[in-house]
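Peer 1: The structure that follows is given in the form of structure tokens.
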Amino acid sequence: MMWGNWTIVSEFVLVSFSTLSSELQALLFLLFLTVYLVTLMGNILIILVTTADSALQNPMYFFLRNLSFLEIGFNLVIVPKMLGTLIIQDTTISFLGCASQMYFFFFFGAAECCLLATMAYDRYVAICDPLRYPIIMNRKACAQLAAASWFSGFPVATVQTTWIFSFPFCGPNRVNHFFCDSPPVIALVCADTSLFELEALTATVLFILFPFLLILGSYVRILSTIFRMPSAEGKRKAFSTCSSHLLVVSLFYSTAILTYFRPRSSTSPESKKLLSLSYTVVTPMLNPIIYSLRNSEVKSALRRVIRRTLGPQKL
């Protein structure tokens, strides 16, 4: 639709993986569908187990439950549309649909960054100040920290999305990605975006790099405290309580930082898609697996929940 010298864009086309053969796209569909279902079931299981089992009613598992809710939301925003582009070639997305997807991507992404920092703080207090841990991480404080993490997604999502979609789009509407991420969408804008890019860099530093530095500082103190413990058993037990979180943080931040802090000229669209897959699809699946397999309390709680559900028979 033409208006003056501009073409009013009413929909976008997600390039996704359309350059691949139909056979390979079908294989990717089956792979991503499996990952998607495992992600949903794994995170729902974490939510149910940490809610139902009385032994897991402590701050660490309260935050883990919130993380699982975030991972489910993150997946629901990205994966269903991506599956549609692979199996039925439904590559179009409306202007409003693209804006909504970007908004919730920013919302869940920023909230997860802040929640991971909150979880690191919880482990820091538990290991470095164990006597005051019940006082500092009381029920009210945990609820406030979780609410602050969730709320942090609103300002960045609102400002970024509103700003991007207030720009004029002058005709090209092919988004070279499998979802409406800001860099490929902003590339379609026919206006000066330098001020927005400066704001986007500031937001990235605040909501990705700053929480990462807080996590890094927490773990420096945690490791320093663990190494000063006199007994090997105490060291093992202390490290086991934070190893799962440390692994999840490493997976999430390594790919997010590689995606958003590399120079644009050094990153091809295809390599960025692969990096994006790791933190939008793979990491949400691995989180419940990591917390289940590497955490004896969760495994024991899962057995107790199954026993109560199925009856007294031995598992």
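A Cβ is built for glycine as well, from the same backbone N, Cα and C atoms used for every other residue.
Predicted automatically and left uncurated, TrEMBL annotations should be read as such.
According to TrEMBL:
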type: DOMAIN; residues: 42-291; note: domain 'G-protein coupled receptors family 1 profile'
type: TRANSMEM; residues: 26-50; note: transmembrane segment
type: TRANSMEM; residues: 62-83; note: transmembrane segment
type: TRANSMEM; residues: 103-121; note: transmembrane segment
type: TRANSMEM; residues: 142-165; note: transmembrane segment
type: TRANSMEM; residues: 201-223; note: transmembrane segment
type: TRANSMEM; residues: 244-262; note: transmembrane segment
type: TRANSMEM; residues: 274-293; note: transmembrane segment
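How buried are these features, and what lies next to them?
Peer 2: Packing against the transmembrane segment (26-50) from elsewhere in the chain are residues 17, 20, 56, 61-62, 64-65, 68-69, 71-72, 75, 79-80, 82-83, 86-87, 281-282, 284-285, 287-289, 291-292, 298, 301-302, 305: each is 6 or more residues past its ends and has a CB under 8 Å from a CB in it.
Note on the transmembrane segment (62-83): residues 14, 16, 29, 32-33, 36, 39-40, 43-44, 46-47, 50-51, 90, 93, 101, 104-105, 108-109, 111-112, 115-116, 118-119, 122, 142, 145-146, 149-150, 178-179, 280-281, 284, 287-288, 291 of its chain, located 6 or more positions outside it, place their CB under 8 angstroms from a CB of the stretch.
Here the transmembrane segment (103-121) has Cβ contacts under 8 Å with residues 60, 63-64, 66-67, 70-71, 73-74, 77-78, 145-146, 148-154, 156-158, 160-161, 179-182, 207-208, 211-212, 214-215, 218-219, 245, 248-249, 252-253, 256 of the same chain, all six or more residues outside its ends.
Through the fold, the transmembrane segment (142-165) approaches residues 59, 62-63, 66, 95, 99, 102-104, 106-111, 113-115, 117-118, 121-122, 182, 185-186, 189, 196, 199-200, 203, 206-207 of its own chain, all at least 6 residues removed from its boundaries and within a Cβ separation under 8 Å.
The list of residues near the transmembrane segment (244-262) in space but at least 6 beyond its ends in sequence, with Cβ under 8 angstroms from a Cβ of it, reads 109, 112-113, 116, 119-120, 123, 204, 208-209, 212, 215, 219, 272, 275-276, 278-279, 282-283, 286-287, 290-291, 294-295.
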Peer 1: Restricting to the same chain and to residues at least six past its boundaries, which positions have a Cβ under 8 Å from a Cβ of the transmembrane segment (201-223)?
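Peer 2: Those are 109-110, 113-114, 116-117, 120-121, 123-124, 127-128, 152, 156, 159-160, 238, 242, 246, 249, 253, 256-257, 260-261, in sequence order.
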